[in-house]
Amino acid sequence: MRTTVSVIKADIGSLAGHHVVHPDTMAAANRVLAEAKRQSIILDYYITNVGDDLELIMTHTRGELDQKVHEVAWNAFKEATNVAKELGLYAAGQDLLSDTFSGNLKGMGPGMAELELEERPSEPIAIFMADKTEPGAFNLPLYKMFADPFNTPGLVIDPTMNEGFKFEVLDVYEGKAVELSCPEEIYTLLALIGTPARYVVRKVRRKKDNMLGSVTSIERLNLIAGKYVGKDDPVLVVRLQHGFPALGEALEAFSFPYLVPGWMRGSHYGPLMPVSQRDARATRFDGPPRLIGLGFNVKNGKLTGPSDLFDDPAFDEVRRTASVITDYMRRHGPFMPHRLEPTEMEYTTLPTIVEKLKDRFKKEEDVTKAKRSIYVGKGEETD
Ligand code: 13P
Ligand code: 13P
Ligand code: MG
Ligand code: MG
Ligand code: MG
């Protein structure tokens, strides 16, 4: 059976700041998805949240970018936004950049990762969802899962993985994509995806048979809206086992709390902390950036699960390290490299501040002269 797993998410408002989705908004989304299931538009669904992001996990047979499925998601976000407005939740409708739905959700604000697959007899998948970061945050773990034998021994010992994987990398500034074949082009791949703000791994395919192994959401809200309107908190769907990474290989990629852009006001680097569903709430400095992982099996379009993958003492040390890094990074205050670099700040309010100061900026010689006149008196400049 050909099934599509669509994970579509949006921040439609949250409790007490950019903190956590309110259950009443999830209930509103649930009513819309339950009706869509009754009408057989979708076959099954699961609703969850990470921090202030409402996550709709849906299965169907309609393929990617399907108008009806996207309309269901849009209506769910709209209904949830109405509840958010009634309750006066913070930033109600934050990620919905348009008022009317037209065709599909591309460019409208919500993020989506849709993976169409021919169901194997057993189809295990993991869905990773993060808050307070952006799509390129999955570059590093995707590299580890699908290209690094120190993370994924299957690349060495499983003949079906041995040929390697192809990475489809999108340049989010130019809107162009390139496919790189690994292991041969690993260095070229790393040259690009080491700049995660610009180059995002969108899809990974198994070389042997072109089978799709993972899909990442690639929407960057600030590039759509032209200004900072919240982070593009990303989602990632990964197929597991039988020629794809084992569940434990996929999870191992998150055993190091690497630095990602996002966090407070979308303007700081911080460690990505894998947490349980219970701890999927943004708190300290609106973070630190959080990741949840849910494991499912898909059979005839039905979702069995989930298992809350990071709800496990095996990840306690990772979380502890992330907390230590949090302290370390915070001590930089408003300084880089805790604060993002200027190119990334271009899409925030920082240019407005620089613009306001335009007339107060003096040419360097003038400043030097003025300064010298204080110390050596006018006309007495010496070198
Ligand atoms: P089991 O023997 O528990 O099935 O484990 C197989 C495996 O390959 C784990 O990665
Ligand atoms: P969100 O994108 O999660 O809404 O974060 C916005 C923000 O500014 C947090 O400080
Ligand atoms: Mg928010
Ligand atoms: Mg968020
Ligand atoms: Mg966001």
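From the backbone N, Cα and C atoms, a Cβ is placed for every residue, glycine too.
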Of Q39, Q67, Q94, residue recorded by TrEMBL at the Mg(2+) 1 site of D11, H18, D52: Q94
Additional site residue, R2, R38, R265, R319 [criterion: listed by TrEMBL with H18, K132, D286 for dihydroxyacetone phosphate]: R265
Candidate sharing the Mg(2+) 2 site with D52, D53, D233 (per TrEMBL), from D131, D158, D308, D311: D131
D53 (Mg(2+) 2 binding site): secondary structure state under DSSP, collapsed to three categories: strand
Neighbourhood of G103 (beta-D-fructose 1,6-bisphosphate binding site) by C-beta distance under 8 A, where only residues 6 or more apart in the same chain count: Q67, H70
Neighbour tally for D286 (beta-D-fructose 1,6-bisphosphate binding site), based on other Cβ positions within 10 Å of its Cβ: 22
Cα-to-Cα gap, D52 (Mg(2+) 1 binding site) vs D232 (Mg(2+) 3 binding site), nearest whole Å: 11
